[in-house]
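Everything below concerns the one structure shown next.
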Amino acid sequence: MCDMGGLDNLIANTAYLQARKNSEGDVKELQKRRKSLSLPSTDVSRKEIKETITLDYQSICVEQPIGQRLFRDFLGTVSEYKLAEEFLEEVKEWELEEGSAKEQLMEKLVSRRFKEPAEGSLNFLGKDLSSRIQQAQSKDMPELILLAKDAGNAFLMDAPFQDFQNSPFYDRFLQWKAFERQPINQKYFYEFRILGKGGFGEVCAIQVKNTGQMYACKKLDKKRLKKKNGEKMALLEKEILEKVHSPFIVSLAYAYETKTHLCLVMSLMNGGDLKFHIYNIGEKGIEIKRVIFYSAQICCGILHLHSLKILYRDMKPENVLLDDNGNCRLSDLGLAVKVKEGKPITQRAGTNGYMAPEILTDVDYSYPVDWFAMGCSIYEMIAGHTPFRDPKEKTSKEEVKRKTIEDEVVFQHPVFTEEAKDICRLFLAKKPQNRLGSRTNDDDPRKHAFFKSINFQRLEAGMVDPPFVPDPSVVYAKDISDIADFSEVKGIEFDDKDSKFFKRFATGAIPISWQKEIIDTGLFDELNDPSREATGGGGNSGEKSGVCSIL
């Protein structure tokens, strides 16, 4: 007898993998669709957009990818501005270099820009700083280069930024902002197989029709949300994801609604979660060099959340996902909460086996709980089980709670290095004030000897190769037949209050993520080509691509 469930899964996986590869037929379909696209006219974009934009240098010229790109293009038209921009790029290259190569780069930079500036003087330095640099010894030069960097950034924020606002490059930025704010609905995407499910709905793979970019779409059932009073939690997750822009945390790209669902479109992580890699590939556990690499990236992600006054509360390997290249990101911020002065957090939240003693004993808690869960996760990646569960027998929830509160961690697995034992002990300290990351205001876990092989500047710049790369021909997700369907929610009706909530949630494209997608997929260069002409017709029709026709 034909296994229809297996056939359905095969078809869904084939379509999904084909979309990820961008076959020749898909490329032709994409090119055809892009020909119909064009930017809004300059007059329209100026009128509708200019008044809504806050003229903030950091936001426009640094954080927003298209703003940054157009600002750099503008700087290239004025020799003095171009010189400053090139100098800052050279400083950035020097900061990210290692060993003797870094020393050589510094000597080259000093000679080229300070000692014998054949390409022109850096006038923004001022007489005092220029004099100090000219008289400085080599040992003092790194500090002076950083002062020169600060002076260069301050210079670009002044006259160059003002001139940029009166240039055609800024007009083009406004056109892109108008394009960015186009309405987003389900016709903007192709939908593929289900990847999993959560408390309020399912997660599926989707593809943007105009760019070919793949994402994961978290679909929250409107009726289920209302029935379970989950609206506030869903909106909080969305608002937190909007604020977060880190290579170590999943990014939110779009928020839109359908008739039945609220949809969060986020980074698609094809490599599976760390729980899968701990328990389903070879012997339980992960080799130590991978543990160090993932832990370093996780630390960066947690520190980014804390810098935004956000408490994660659900750190565990299951919520750490790998991308195509083997880099990891934190996911599922459904339990995350904003930390507010004078408002203690006491609600029990998290996953059994990862919750800190202060959560389990119902006292006030804050950022240290994330570091406790980090210690549990490092231990689990190495040992193949969490620190307060007996791997040889079933441990009750109450026993895990007792051990977490009372027992010291024991290291029986032979793979634990001394550095690994030490960082786990420090993260798993019972008292939050004794916990690594929380002992002082500047207690940075990245400085621990466990991470001695990691250059964090290069890691954050994406310049460190992951020790493991997922197989691109594998779908790291359950078979679609193993993902249970949701039952229909009955007896729920929507009113004006619900409609207002849906509108507040469905805000469309998220600027930084959307702009990155536009640049990475080549659409920015295509639509900026002065010789290009759009053929008209709009770009979001409901036609299915060849990839999707077998679904």
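Just so you know, glycine gets a Cβ as well, placed from its N, Cα and C.
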*Among 23-45, 529-551, where does Swiss-Prot put the label region 'Disordered'?*
529-551
_Swiss-Prot annotation, ATP site containing Leu195, Gly196, Lys197, Gly198, Gly199, Phe200, Gly201, Glu202, Val203 - matching residue among Lys177, Lys218, Lys222_ = Lys218
*Any idea what the Cα distance is from Ser36 (phosphoserine) over to Val203 (ATP binding site), rounded to a whole Å?*
30
*Setting Leu195, Gly196, Lys197, Gly198, Gly199, Phe200, Gly201, Glu202, Val203, Lys218 aside, what same-chain residues sit with their Cβ within 8 Å of the center of the Cβ atoms that define the ATP site, listed in sequence order?*
Lys219, Leu220
*Among the recorded positions Ser36, Leu195, Val203, which residue has its Cβ surrounded by the fewest other Cβ atoms within 10 Å?*
Ser36
*Report the DSSP secondary-structure composition of the domain 'RGS' (57-174) as helix, strand and coil residue counts.*
100 helix, 0 strand, 18 coil
*Under a criterion of Cβ-Cβ distance under 8 Å and sequence separation of at least 6, what residues of the same chain contact Gly199 (ATP binding site)?*
Lys228, Gly230, Gly334
*Using DSSP, would you call Val203 (ATP binding site) helix, strand or coil?*
strand
*Maximal Cα-Cα distance (Å) across residues annotated as binding ATP, namely Leu195, Gly196, Lys197, Gly198, Gly199, Phe200, Gly201, Glu202, Val203, Lys218*: 14
